[in-house]
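One structure is given below, encoded as structure tokens.
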Amino acid sequence: MVSAILEGKPDKNLILVTGRAHPKLAADVAKQLGIDILETTAYDFANGEMYVRYTESVRGADVFVLQPHSTPVNKAIMEQLIMIDALKRASARSITAVCPMLGYSRQDKKHLGREPISCRLVFDLLATAGADRIMSVDLHASQSQGFFDGPVDHLIAMPVLVDYVRDRLDLSNIAVVSPDAGRIKVAEQWAQRLGGCPLAFVHKTRDITRPNHAVANRVVGEVKGKDCVLVDDLIDTAGTIASACHVLKEAGAKSITVAATHGVLSGPAVERLRDSGAREVVLTDTVPIPESKRWDGLTVLSIAPLLASAIKEVFSDGSVAELFDTYPTHHGQGFLFA
Ligand code: R5P
């Protein structure tokens, strides 16, 4: 009798839900997947607390909860947490927290005594809420995925960005530049993907007692006369990128193209980027970038196809790693995880 009831039911049921942080990205991912987003009622109470409820059953479904931790970060995180909690209590079969940008990713270690490791806490909160799996793009430090005691699909936006840059620059004259020593490994992969071009980095120092305060001192490596591709995981106030552009120009760079995954663009970022002398700034849409923060020199690439492909692979028990082995197919060689 029971098996008769179950007959004809699909083995698996994929559901995509989203919070209110980036509805456009969720819609783009749903379109790529060829599904509708499950409707969620969500609103704020007068005191700032949030309420969510799904309008249909999620029982037995593999649910993907898409929400980048964009500004206001704490609200985006909390909304995703209560969405996950609601799914757990409504008997979803599996819950994947899709965080295209993970909040607090930069706070992955203690620099001084008596500091928190906030990135670890965010992973713990997602686990406590009920997430079985986490999917994110370009964590600030790849090894942070070890903060979660379960599968973490760490996607990299590099294939998307490299493809765009490769088609627009003279490959024989490129140098890839890391804006600080910490991202050299990622920059090295960029250089490999761009035909083994020269690599340089900016020696940056920061005052760890002040937020968003970094000083680019000098360029290490040869950039004179080069078309420089300056790569970073995120641009927040653009202090890092603007000062890196400054020292690159001083070192005789011919042109600068900035490529970064997360365009947070807080405070003076847009003004700084416009005045930086970069010929183009290329970002992805892991976080929303409103029209008011766009200008002619900015290109925003869609991360939706990558997220949708990864969701498809996870749902169908395929391989996310192979996704990067074959992406972009027309350029051969795959990507290593930094
Ligand atoms: C630092 O290590 C990061 O990779 C970014 O370069 C930095 O956090 C960006 O912040 P801002 O744009 O405020 O300099």
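Any Cβ shown, glycine's included, is placed from N, Cα and C.
Taken from TrEMBL, the feature active site applies to K204. Here TrEMBL flags N47, G48, E49, R106, Q107 as ATP binding site. Among the features that TrEMBL reports, Mg(2+) binding site is placed at H140, D180. Per TrEMBL, the feature D-ribose 5-phosphate binding site maps to R206, D232, D236, T237, A238, G239, T240. What TrEMBL lists as domain 'Ribose-phosphate pyrophosphokinase N-terminal' is 15-130.
Features per TrEMBL, on structure.
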{"residue": "N47", "record": "ATP binding site", "Cβ contacts under 8 Å, 6 or more apart": "none"}
{"residue": "E49", "record": "ATP binding site", "Cβ contacts under 8 Å, 6 or more apart": "none"}
{"residue": "R106", "record": "ATP binding site", "Cβ contacts under 8 Å, 6 or more apart": "C119, H140, L234"}
{"residue": "Q107", "record": "ATP binding site", "Cβ contacts under 8 Å, 6 or more apart": "E115, P116, I117, S118, C119"}
{"residue": "D180", "record": "Mg(2+) binding site", "Cβ contacts under 8 Å, 6 or more apart": "F201, V202, H203, K204, A214, T240"}
{"residue": "D232", "record": "D-ribose 5-phosphate binding site", "Cβ contacts under 8 Å, 6 or more apart": "S178, P179, R183, T240, I241, V258, A259, A260, T261"}
{"residue": "T237", "record": "D-ribose 5-phosphate binding site", "Cβ contacts under 8 Å, 6 or more apart": "N212, S266, G267, P268, A269, R272"}
{"residue": "A238", "record": "D-ribose 5-phosphate binding site", "Cβ contacts under 8 Å, 6 or more apart": "L265, P268, A269, V270, R272, L273, S276"}
{"residue": "G239", "record": "D-ribose 5-phosphate binding site", "Cβ contacts under 8 Å, 6 or more apart": "N212, H213, A214, R272"}
In chain order, residues whose C-beta lies under 8 angstroms from the C-beta of D236 (D-ribose 5-phosphate binding site), counting only those at least six residues away in the same chain, are N212, V264, L265, S266, A269
Note: among recorded positions K204, R206, T240, least Cβ-dense neighbourhood at 10 Å is R206
Among recorded positions N47, G48, Q107, K204, D232, A238, close to ligand 1 by Cβ (under 6 Å) are D232, A238
Secondary structure split (DSSP) over the domain 'Ribose-phosphate pyrophosphokinase N-terminal' (15-130) reads 40 helix, 26 strand, 50 coil
By the 10 Å Cβ-neighbour count, the most surrounded of the binding-site residues G48, H140 is H140
A238 (D-ribose 5-phosphate binding site) -> DSSP, reduced to three states, gives coil
In the domain 'Ribose-phosphate pyrophosphokinase N-terminal' (15-130), averaged pLDDT is 98
Rounding to whole Å, the Cα atoms of R206 (D-ribose 5-phosphate binding site) and G48 (ATP binding site) are apart by 35
Span of the recorded D-ribose 5-phosphate site, as the biggest CA-CA distance among R206, D232, D236, T237, A238, G239, T240 in Å, is 16
Residues lining the D-ribose 5-phosphate site besides R206, D232, D236, T237, A238, G239, T240 (CB within 8 A of their CB center) are N212, A214, I235, I241, A242, A269
